[in-house]
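Take a look at the structure set out below.
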Amino acid sequence: MENGSGKVLKPMDSEQLREYGHLMVDFIADYYKTIEDFPVLSQVQPGYLHKLLPDSAPDHPETLDQVLDDVRAKILPGVTHWQSPSFFAYYPSNSSVAGFLGEMLSAGLGIVGFSWVTSPAATELEMIVLDWVAKLLNLPEQFMSKGNGGGVIQGSASEAVLVVLIAARDKVLRSVGKNALEKLVVYSSDQTHSALQKACQIAGIHPENCRVLTTDSSTNYALRPESLQEAVSRDLEAGLIPFFLCANVGTTSSTAVDPLAALGKIANSNGIWFHVDAAYAGSACICPEYRQYIDGVETADSFNMNAHKWFLTNFDCSLLWVKDQDSLTLALSTNPEFLKNKASQANLVVDYKDWQIPLGRRFRSLKLWMVLRLYGSETLKSYIRNHIKLAKEFEQLVSQDPNFEIVTPRIFALVCFRLVPVKDEEKKCNNRNRELLDAVNSSGKLFMSHTALSGKIVLRCAIGAPLTEEKHVKEAWKIIQEEASYLLHK
């Protein structure tokens, strides 16, 4: 293959990599140095980039300097800056030097580790680091790789939930017969992430068989065991087959924590696969004072947390543990002739292709390994505790202002609050909170999001960006107060 100059292309030339790599690292370092100069939420309009880029790809090579100039002028204006210290909209998607270096190393090695033989280190390192994190979380030994359980890295919590739902579905169908699919019933609270709904659609679970159980402020939006028991009993009486329960530790809307032990007891006694989704809050549970929130996980069949949220590991890196790896492999294993090899055929190794939806997989364990080694567990605990401390401070600021109220008790580093309602005018209050959110986000100085709880529009301040300090939290509150004052007096 020749490029425009007649020279044969060498796409991984070591010297060019060294030259361009230095330029790219400098560019990224400068970006982080100046990240506060950008509006946190992109202010562009839909379709903006089509007007700035050509209709077709270049025929001949351009320089990296030209590309980076376009990144500065055309791409960065269309970026919402998730790593900004004033990003409070969603749960964090942490980046770090260690995570970045691990990602770089993974890209540089360029392996595809779908089976042990395709890169033994990729499989074995993944098993080791998932065991490391399981020990930090004090998970039961059944989730460790030395037995029939183990951990695997998925792309997202959505993939993790889909994988275990399919495993649970096939496990019960092997017992009751494949024609019973239309009788299978899934249970969750109305605070469970929409990923479960999508997983049910993919797995062929009829929407009428998805029990979305109502929660309210009396339990801080946690699922009541009584609600689950009543639903399961009704379905059994109707001749249906309860088979899957998804509980939450740190819901997306308000960080509600479901009572795992009580829910697990019901699930276990009825042969229901019990999955615990701790995508966000799982990271905090490496701190002894927050481990209580996953008490009862010993009753679960599977458990997931996102290292790419609050664990300084660049996206994507969702950690899933199961007690019975056979349930996964029986549901997801494929073994065409071109993938057969001695180690796999002899059952001597783990082939992670059979623990996930796709075949191909990146060397994602490298970045998690780098994070654990370059920071250590004690530093990670301090990092998480600092965000929780900042959230406590923000909560106190809100509580001291009579124009605002805290809607749900803060547990981790999310504060749910709103402008207080005018007497008997809840609808007007909701509109006013929407207006406040739009005003704050349009300023470009910070970015927040909202949710709805019991019909109330609630503002969410999720503290967790890697660069966030006390001054950013105080500045955010100052802007919120200023915009609120304008709305209340206009």
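Backbone N, Cα and C define each Cβ position, glycine as well.
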By the record in Swiss-Prot, which of Lys74, Lys309, Lys323, Lys478 is the one labelled N6-(pyridoxal phosphate)lysine? Lys309
With His193, His308, Phe338 listed by Swiss-Prot as binding L-phenylalanine, identify the candidate in Pro77, Pro85, Pro92, Pro120 belonging to that site. Pro92
For the recorded positions His193, Lys309, which one has its C-beta crowded by the most other C-beta atoms within 10 angstroms? Lys309
Looking only at Pro92, His193, His308, Phe338, which the record lists for L-phenylalanine, tell me the maximum pairwise CA distance in angstrom. 41
Any idea what the Cα distance is from Lys309 (N6-(pyridoxal phosphate)lysine) over to Phe338 (L-phenylalanine binding site), rounded to a whole Å? 37
Give me the count of other Cβ atoms within 10 A of the Cβ belonging to Phe338 (L-phenylalanine binding site). 5
In three-state DSSP terms, the structure that His193 (L-phenylalanine binding site) belongs to: coil
